[in-house]
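The structure under discussion appears below in the form of structure tokens.
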């Protein structure tokens, strides 16, 4: 029995080694794919690791230590919050809604979202506030589980409540 136990443990060690080896080859393949992407976008690769720079012209901010959001969109925190940056020969601003750079003409004054996205946001806000008595997305329900709706003139909704003398008893929630 002792021989079987040691034989079984050896088998497990070999199997775990194989799993580790598979994981190493998977990560190597992912790194090669990442390098190919960088090579296509920047023209050359950095052998010490993937090249992570802000996409703004002449910005040398190292994105390795940046937050995931900034790495994902390839923009450093300074340029994401800047009122204007020089990118591709144009003055642009980073839109928080689109997560892209747009021309300055697409923004209202010092806003951080472009007009197109703000218009959609405002439309959704107006649409939902007119439909519900309790405000935008509150999720409050009326009688019989139906959402209490207001009419076009925003009149009051009539509700009939049980008489105080009746035998109606409220259930106590514990």
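Glycine too: its Cβ is placed from the backbone N, Cα and C atoms.
Per Swiss-Prot, the Zn(2+) 2 site holds 95, 98, 102; the candidate it also names there, chosen from 76, 114, is 114.
Residue 76 (Zn(2+) 1 binding site) carries neither a helix nor a strand DSSP state and counts as coil. Taking 54, 59, 76, 79 as the binding-site residues under consideration, the smallest Cα distance to residue 114 (Zn(2+) 2 binding site) is found for 79.
Taking the Cα atom of each, residue 98 (Zn(2+) 2 binding site) and residue 79 (Zn(2+) 1 binding site) are about 15 angstrom apart.
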